[in-house]
Amino acid sequence: MSQPRIGQKVVVDVPATTANLGPGFDCLGAALDLNNRFAMRRIEGSGERFELIIEGTYGSHLRGGPDNLVYRAAQRVWKAANMEPVALEARVRLAVPPARGLGSSATAIVAGLMGANALVGEPLSKEKLLELAIDIEGHPDNVVPSLLGGLCMTAKAASQRWRVVRCEWISSVKAVVAIPSIRLSTSEARRAMPKAIPVSDAVVNLGALTLLLQGLRTGNGDLIADGMHDRLHEPYRWRLIKGGDDVKAAALEAGAWGCAISGAGPSIIALCAEDKGQAVSRAMVKAWEAAGVASRAPVLNLQTSGSHWQPADAG
């Protein structure tokens, strides 16, 4: 383990994620085949220096400096590895839009951790990176699938150790993700929720989550339809999304089995059979257009490999 040389660079690819999928609030998340790419390079200067260069449509919403999540995550690696921090530049090709409920912040955290760790010879294990990622983000449902890939259920055990279960998602189930031009911060979406819920609502969610996971494992659309319901967060969040109810109704009318807010929103995810994907996509975009909101709705697959890095000269 040694300090990276000036100019040393790694490239980290990190997938978007969708969290909750209805009943899996703050514990269930899935990686999608839409990636942000981070090229991280050591530059001259003190460890407090961090430069951010954004490529892509959404760059105007992000800033560099010490509060940037890539920088903060990298600092956690230096500290955990007992190393002096170094100056970094991060050049980001942004395909995952921020403040849309698709884990953009998780991509920054995972990239900062994985990239900084790679630059110094990977002294930290993937398990340690996972622990740091959850600590920085504050909840596991985006950072875990972003790092590991696939459909992940994460819970803190009685031992206070984070436990991750990789769940099955059959390839015949497709995700249509309607991404609007409007933004919604996670903090605003969390403020909309009550501080306490009835036990009956928690019981309904437990049952729904069981049905959803079995539906995703088997491709049973009826189970997905019955399982993709929530009483913990969605009843309080739909009203924050302009036209959201109409987009959901349009997706179901076009043949989707189920529909949910992606993460904190405002993006909306619909699950359907492969032959329904394009029809569901068109219906969701049209419904948002009627509400005066521009959007796009790609049909996406589960991304199973998670985040990975390579030396810059390898690609």
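A Cβ is built for glycine as well, from the same backbone N, Cα and C atoms used for every other residue.
Because the structure is a prediction, the values reported are computed rather than measured.
What Swiss-Prot says about this one:
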- Pro97, Pro98, Ala99, Arg100, Gly101, Leu102, Gly103, Ser104, Ser105, Ala106, Thr107: ATP binding site (BINDING)
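Mapped onto this structure are the features recorded in Swiss-Prot.
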residue: Gly101; record: ATP binding site; Cβ contacts under 8 Å, 6 or more apart: Thr18, Ala19, Leu184, Ile261, Ser262, Gly263, Ala264, Gly265, Pro266, Ser267
residue: Gly103; record: ATP binding site; Cβ contacts under 8 Å, 6 or more apart: Ala16, Thr17, Thr18, Ala19, Gly29, Val96, Asn142, Val143, Pro145, Ser146, Gly263
residue: Ser105; record: ATP binding site; Cβ contacts under 8 Å, 6 or more apart: Leu69, Pro98, Glu137, Asn142, Thr186
residue: Thr107; record: ATP binding site; Cβ contacts under 8 Å, 6 or more apart: Val14, Pro15, Ala16, Asn36, Phe38, Val96, Ser146
Other than Pro97, Pro98, Ala99, Arg100, Gly101, Leu102, Gly103, Ser104, Ser105, Ala106, Thr107 themselves, what residues in this chain have Cβ atoms within 8 Å of the centroid of the ATP site's Cβ atoms? Ala16, Val96, Asn142, Gly263
Per DSSP, to which secondary structure element type does Pro97 (ATP binding site) belong, with helix, strand and coil as the options? coil
Ala99 (ATP binding site), Cβ-centred 10 Å count of other Cβ atoms over all protein chains shown, is 20
